[in-house]
């Protein structure tokens, strides 16, 4: 009996440094390479008040899949695309299940993923096809789950605690080179049609970021061919400038480049040019990504609950909230630095890390809007959208991240366990930023504000000692 494999590409759109694909190549006689067209799920569409991804994100994803397909073709393979939309959430599951049944698939390979919806899809397929031999590692992280010095149900409550436990661990795994892949099955299980409309591609044609593994690796090589890394800690908070931050995140989010590949390039740079606080800080940022990944996995669906219970500055009516949300999305809040950041996002699909913090703080604390609306809008627009980093960061700004609990375990135990006699822990501190102060620190001459045609009228500074 021939071994037929199905490889589901999710956030690992690469050939290089893909140990899972290498494993698949060694395990089966024929291989079906499949991906599910990314779509804005109903939950996110409702909160974002958007029906689809923005043009820049759509184009970047489409480019990344095009390059993946080209690289697969060079290895004698092809990429099957399953199309879905938020109105028909079960389409992907049914299509994958049909392929497994009709093509007599024996082996299933996929990144384990930390996202709740992505994991539910895999669990559903396993339930439908219990005889499948599955290989589901976490291969979009620096560390594998068995290397972590804690149980996945007990991810540390703070990044600092997490960092102290893992930053000295070895990053294992050498570079994986794939010279050949098993042939595909014929005929193609699913017909191929364009991923996104040409209109959206034309609208996003001016984007500086080119999707795909080749472009990601080229950017990585280019960044470390300069001395940018030696000054990263001093320049990382800039709102603009290709040299001021690494800009690895778009390719990292889709798995066009792996974190281990970045780590190896960083270590090679340190060997050749020396290490300092700035080169360490690049690793530090990779650890933040790692923290949100494992935190997202441990929280499951509860990450998307609103448990911040923040005291908002402006308790708004629904109509007022909708109006303020629309102004925030379009960059017309009358907070100049936030408006500039939002216009940058809408025009490019990208925003700096500092900008994301300020935009989130404004939405939550100045406009009084549920943080999940902002997280969902970022999901719809960012070319570097990553479920863990995006939703984790928003929950962190709102003071919700460690208010969350593992609801599945909680629901099982609530009826059985007596109520604790001890007082609940103090609510995690939120991240409320003083927008005027932040502007003076990071855009003192208003160059960034003026670039995006925003009136430079200053917002009122606050004297609240809890505001950053």
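From the backbone N, Cα and C atoms, a Cβ is placed for every residue, glycine too.
Note: TrEMBL annotation is automatic and uncurated.
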Of 373-407, 408-442, the range TrEMBL labels region 'Disordered': 408-442
Structural state of residue 247 (FAD binding site), classified by DSSP into three states: coil
Cβ neighbour count within 10 Å of residue 285 (FAD binding site): 18
Fewest other Cβ within 10 angstroms of its own Cβ, chosen from the binding-site residues 232, 288: 288
Residues near residue 384 (FAD binding site) in space but at least six apart in sequence (CB under 8 A): 249, 250, 252, 253, 350
